[in-house]
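What TrEMBL records for ASP97 is L-glutamine binding site. What TrEMBL records for LEU256, ILE288, SER363, GLY364 is ATP binding site. Look at TrEMBL and you will find 2-191 tagged as domain 'Glutamine amidotransferase type-2'. Here TrEMBL flags GLU365 as site 'Important for beta-aspartyl-AMP intermediate formation'.
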Amino acid sequence: MCGIWGLFGSDDCLAVQCLSAMKIAHRGPDAFRFENVNGYTNCCFGFHRLAIVDPLFGMQPIRVKKYPYLWLCYNGEIYNHRAMQQYFEFEYQTNVDGEIILHLYAKGGIEQTICMLDGVFAFILLDTANKKVFLGRDTYGVRPLFKAMTEDGFLAVCSEAKGLVTLKHSMTPFLKVEPFLPGHYEVLDLKPNGKVASVEMVKFHHCTDEPAHAIYDGVGKLFPGFEIETVKSNLRVLFNNAVKKRLMTDRRIGCLLSGGLDSSLVAATLLKQLKEAQVQYPLQTFAIGMEDSPDLLAARKVANHIGSEHHEVLFNSEEGIQALDEVIFSLETYDITTVRASVGMYLVSKYIQKNTDSVVIFSGEGSDELTQGYIYFHKAPSPEKAEEESQRLLKELYLFDVLRADRTTAAHGLELRVPFLDHRFSSYYLSLPPEMRIPKNGIEKHLLREAFEDSKLLPKEILWRPKEAFSDGITSVKNSWFKILREFVEHQVDDAMMAAAAQKFPFNTPKTKEGYYYRQIFECHYPGQAGWLTHYWMPKWINATDPSARTLTHYKSATKA
């Protein structure tokens with residue numbers, strides 16, 4: 001996890017423009033560098049480093065003697081870089097995983113390169129010999145990327161929008177900053193004056209397609225067919241592999257643990273893999289909640305079962321409410337459910353940074369979207385409609401859960417790893433017949449639970465624990481986090497403000513006082529940038545007025561049962 005920043009064709013003083021890059025310093029607390037591009041005085045790179053791999057030679061932009069015309073600034077991890085290096089017999093100059101991008105590009109161009117990367121990434125690649133700039137982002141947008149481009153060819157790119165919003169450009173009073181779409185790469189021509197012109201934007205991977213790099217990984221061919229035992233075996237093999245490949249780091253590994261199915265499976269599998277790799281330190285697991293939180297109790301049970309060094313972080317409603325402003329600033333969004341769920345994750349990340357030496361943090365993000373884990377999937381009209389919705393959620397992850405997971409951890413100099421969004425695991429899961437993936441017997445993620453039923457990884461009551469939204473599970477059933485927030489904002493936003501909401505906020509007009517309060521904070525930090533969020537996250541197929549799972553009838557009946 002690092003922070004990348006780049007400018008091409010800046011008309012303003014670079015010494016002043018570079019100050020914007022310091023807005024993302026939290027992403028790389030270990031070192032930073034600004035570097036001008038030879039022959040292009042108005043082009044430069046900025047890089048904030050969190051040293052995860054190769055602490056000695058890992059600074060960026062990466063340049064190697066063999067290809068002096070290539071400049072690479074990237075944020076991410078390429079898990080198959082050694083396999084690619086060995087297969088193609090590339091000579092490495094560093095131990096940095098990102099160096100593989102330079103060698104693959106020099107061998108076969110951008111299209112061949114990006115399809116071969118098994119990992120999460122956002123990058124800027126400059127080829128001064130062929131006068132090209134390339135931008136790319138991984139399939140699910142696990143690593144963030146924003147860009148701003150003007151009509152006269154000024155281009156600015158950054159890991160977070162906050163590194164771009166204060167930039168100045170003589171031709172444009174208001175710079176339009178946009179998220180770069182996941183699963184895409186863009187080709188731009190570099191002109192002699194340092195300006196650029198977009199040539200094409202290409203979608204290189206869809207989540208349902210088996211990735212091109214699958215033929216080079218160590219898993220090999222899976223057992224064919226959709227017999228239940230075959231499918232369960234394949235899922236276990238792929239999930240184990242997804243966790244194992246993510247052990248690639250020179251820093252200590254930890255794991256977020258809510259006690260729900262997803263984080264518990266990750267933690268149990270991770271601890272097993274660390275033992276097999278003969279890692280000498282104990283796995284630290286982290287849970288957060290208020291008193292009487294069901295998450296804390298469940299996480300404690302899992303930690304005892306797997307034998308991790310467990311940390312419980314307690315917070316009260318006042319601490320949660322006080323964090324809202326800095327959380328929304330970090331997130332760069334005003335989506336209601338994202339803000340709610342981010343407070344706990346932000347505070348636990350803050351604890352990890354201050355009190356431990358764990359830096360690489362595993363988590364269960366992506367599972368709900370992939371395995372149809374949200375409670376409203378029980379109301380899906382058909383398996384095919386459920387499949388469509390699952391794919392839509394995966395496509396929009398970069399606006400919601402993946403955004404939350406990245407920003408709340410990156411704000412505290414941590415790197416998040418999410419094995420459920422592994423390319424091979426997710427594409428295989430999505431290739432299964434739709435009727436296999438829907439909730440069964442009133443239980444969501446039935447197939448995933450079934451796959452690990454005989455593994456003894458988790459206690460049975462955890463493996464079959466019903467879905468609990470992270471923002472709800474951190475508080476007691478009697479007094480949900482969303483109720484605490486609603487009571488607070490009731491005194492912050494009055495009826496007159498709500499009556500004028502549509503006039504003040506014509507786009508994505510907030511319908512509740514809570515939504516209005518978050519929007520106010522967002523506009524204070526990022527005025528006029530409401531378009532970063534295309535729509536609010538809400539459950540489907542039900543007449544929901546709130547995104548909290550605890551407002552749904554299925555949840556109420558499940559807690560009474």
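Cβ coordinates come from backbone N, Cα and C, glycine included.
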What is the separation, in Å, between the Cα atoms of SER363 (ATP binding site) and the residue listed as 'L-glutamine binding site'?
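Here the two Cα atoms lie 22 Å apart.
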Whole-number Å distance between the CA of ILE288 (ATP binding site) and the CA of GLU365 (site 'Important for beta-aspartyl-AMP intermediate formation')?
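It is 16 Å, counting Cα to Cα.
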Would you count the other C-beta atoms found within 10 angstroms of the C-beta of LEU256 (ATP binding site) for me?
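Other Cβ atoms found within 10 Å: 28.
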What is the separation, in Å, between the Cα atoms of ASP97 (L-glutamine binding site) and LEU256 (ATP binding site)?
25
What is the Cβ neighbour count of GLU365 (site 'Important for beta-aspartyl-AMP intermediate formation') at a 10 Å cut-off, with all protein chains included?
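So the Cβ neighbour count for GLU365 (site 'Important for beta-aspartyl-AMP intermediate formation') comes to 29.
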Pop the Cα-Cα gap between GLU365 (site 'Important for beta-aspartyl-AMP intermediate formation') and LEU256 (ATP binding site) into the table, whole Å please.
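That comes out at 10 Å between the alpha carbons.
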Please report the number of other Cβ atoms within 10 Å of the Cβ of GLY364 (ATP binding site).
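Its Cβ shell of radius 10 Å holds 24 other Cβ atoms.
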Mean pLDDT over the domain 'Glutamine amidotransferase type-2' (2-191): what is the value?
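Here the mean pLDDT over the domain 'Glutamine amidotransferase type-2' (2-191) amounts to 92.
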State the count of C-beta atoms found within 10 angstroms of the C-beta of ILE288 (ATP binding site), not counting that atom itself.
28
Would you work out the biggest C-alpha to C-alpha distance among LEU256, ILE288, SER363, GLY364, the residues that bind ATP according to the record, and give it in angstrom as a whole number?
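Value for the max Cα separation, rounded to a whole number: 15 Å.
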